[in-house]
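K.L.:
Have a look at this one before I ask anything.
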Amino acid sequence: MLTTNQSNTSSSPFLLTGIPGMETLHMWISIPFCFTYIMTLLGNSLVLLTVRLDNSLHEPMYYFISMLAVIDLIFSTAVIPKMLGVFWLYSREIGFAACFIQMFFIHTSTAVESGVLLAMSFDRYVAICNPLRYTTILTSARTIQMGLLSLARGVGVMAPLMCLLTSLPYCRTRVIPHSYCEHMAVVALACADPSISDLYSLVVATLLVGMDSVFITFSYGMILRSVMRLPSQEVRLKALRTCGSHVSVILLFYTGGLLSMYLQVFPFGLATHVQVLVADLYLAVPPMLNPLIYGMKMKQIQEGIFRLLGQLARLKPH
C-alpha cells in the first residue's frame, strides 16, 4: 500500500479550499487581495525603476531597498495569482510539484528578506556610528555580495526542507484547507511520520529568525546610543527619521510572520477561517506596504519618484 501511495505522490494534485467556511464570499474577499497585489506590483516596480534611473540613489541603502522590492514581487507573485484563481474561477487544483515550488518560494523569500533586513541594519549602523568609513566598508560590490549571501543562505536552508517534504507519501485526502500551499496544512496530509521535517523546519526558523533578530536589535541599540550622544536635536531627529522606515518594515515583517506562524501552531480557539485570513493577509499586505513606507518616510525616495514621474509626464505626446 505504501509503495502504491508513494508512486502516486508526484502525479496526484492537491486541492485548495480557499477560506474554509467562507466559500460563498470568495468573490468579495478577492477584491481587497486583488487591490493589494496591483498596489504591490506598482509600488515595488516604481521603487525599482526610481533607484535604477536616479543616479543620486545609487548607494548601498537604496540597493538594499531594491532587493526588498524584488523579494516582495517574487513573494506576492508566487501566491496571490493562484489565490485569486481559487477565489474567482474556483480553480482549486494545484499540481504536486507546483505546490512545493510555491512553498519553496514563500519560505525562501522570507529567509532572504530576513537576511536583507539584517544587512540593512548593518548599513545603518556603519552610516551613523562610523560615518567616516562608510564608503570604504559599504562599497557597491560588498552590498551585492551581502545580497547574494542572503539569497544563498535562504536557498541553502530551504532546499533540504523541500527534499524532506516531497519524499513523504501523501496518501490521505488531497484537500488543503487553505488558500495556498501552507507548510503545516500540507504536512498534515502526509501518511508517514513528518517529525524529521518538522524538527528541521523548527530549528531553521528558530536559528534564522532568532539570530537575525538578535543582531538587528543589537545594531539598532548601538545606533540609538550613538544618536542620543549627538549634540544637535535636529541632527538626532534626522538620524532617527532615516532609521524609522527600516524599523517600520522590520516590525511589520517579524510581527506579522510570528503572528501568522503562532496562530497556525496555537489556534487559541480561533475559527479556521480567521487563521487562514490572517495567514493570507500576511502574504498580501506587507509587500504592498513596504514601498509605501519607504515612499512616505524617506525624502530621497520621494524626490526620486517625483523626478521620475515628472520625466515620464514630459515624455507624453501632446
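Cβ atoms are placed via backbone N, Cα and C, with glycine included.
Sequence annotations record features per position, and here TrEMBL assigns domain 'G-protein coupled receptors family 1 profile' to 43-294. The annotation transmembrane segment is assigned in TrEMBL to 25-49, 61-80, 100-122, 143-168, 199-223, 243-262, 268-289.
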K.L.:
How about long-range neighbours of the transmembrane segment (61-80): same chain, 6 or more residues beyond its ends, C-beta under 8 Å?
P.N.:
33, 36-37, 40-41, 44-45, 47-48, 51-52, 102, 105-106, 109-110, 112-113, 116-117, 119-120, 123-124, 127, 140, 143-144, 147, 150, 180, 249, 283-284, 286-288, 290-291, 294, 300-301
K.L.:
Compare 100-122, 199-223, 243-262, 268-289 by their Cβ pairs under 8 Å to the transmembrane segment (25-49) and return the stretch that comes out on top.
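P.N.:
Result: 268-289.
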K.L.:
For the transmembrane segment (100-122), what are the same-chain contacts with Cβ under 8 Å, counting residues 6+ beyond its ends?
P.N.:
61, 64-65, 67-68, 71-72, 74-75, 78-79, 82, 94, 143, 146-147, 149-151, 153-155, 157-159, 161-162, 165-166, 180-183, 186, 208-209, 212, 215-216, 219-220, 246, 249-250, 253, 257, 283
K.L.:
Residues sitting near the transmembrane segment (199-223): Cβ under 8 Å, six or more positions beyond its termini, same chain?
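P.N.:
For the transmembrane segment (199-223), the sequence-distant neighbours (Cβ-Cβ under 8 Å, at least 6 residues beyond its ends) are 111, 114-115, 117-118, 121-122, 124-125, 128-129, 157-158, 160-161, 164, 183, 239, 243, 247, 250, 254, 257-258, 261.
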